[in-house]
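Here's the structure we're looking at; comments come further down.
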Amino acid sequence: MKKLEERILRDGNVLGENILKVDSFLTHQVDFTLMKEIGQVFADIFHESGITKVVTIEASGIAPAVYTAEALGVPMIFAKKAKNITMTEGILTAEVYSFTKQVTSTVSIAGKFLSPSDKVLVIDDFLANGQAAKGLVEIIRQAGASVEAIGIVIEKSFQSGRKLLEDDGQRVVSLARIEKFENGKVVFGKADA
């Protein structure tokens, strides 16, 4: 997605050898116009897949996921990272390691929101090592639902996430694919859309 790549080049900051900070439009402050366009691109790609739910993980995946769900006309569910006292029964969980935060969290979704008849599109802000998406796939499978595809806003292709997910049989579609960081700059590879 050319507009997304242009925004990354303009407003993204490379930190070290493998971190991209995009807090001005995605991970802290949200550019809803851009998120709406991202949601529409994902909806255009997956509109014939029979998607019944969009699933993401809190927090930065919520904005692109909600606009994708809106464009598809389906509900959006986000996995919670913190234990919630109101979620008391039928909880589906998975362990997820965060590359950026360097911590493992137990993420959860109330089982009543997913059923075996659901065809799920996973949406996330970043793909690095693939652990967040893998955890969501695990939760969706616990519900007996099917994962139709995984939509990623920004993929760091030099990390192992895509391989991990594709080796598990998942279709991965990334709107921006970063091949490498070179001299503090982003070098893009060919995106999927």
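For all residues, glycine too, the Cβ spot is worked out from N, Cα and C.
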Per Swiss-Prot, Thr27, Lys156 bind xanthine; matching candidate in Leu20, Leu34: Leu20
For Lys156 (xanthine binding site): DSSP state (helix, strand, coil): strand
5-phospho-alpha-D-ribose 1-diphosphate site, defined by Ala128, Asn129, Gly130, Gln131, Ala132: further same-chain residues with Cβ within 8 Å of the Cβ centre: Tyr97, Phe99, Leu127, Ala133, Lys134, Gln159, Gly161, Leu164
Of Thr27, Asn129, Gln131 (the binding-site residues), the residue whose Cβ has the fewest other Cβ atoms within 10 Å: Asn129
Sorted by sequence, non-Leu20, Thr27, Lys156 residues with Cβ within 8 Å of centre, xanthine: Gly12, Ile19, Lys21, Val22, Thr100, Asp125, Phe126, Ala128, Ile154, Ile178
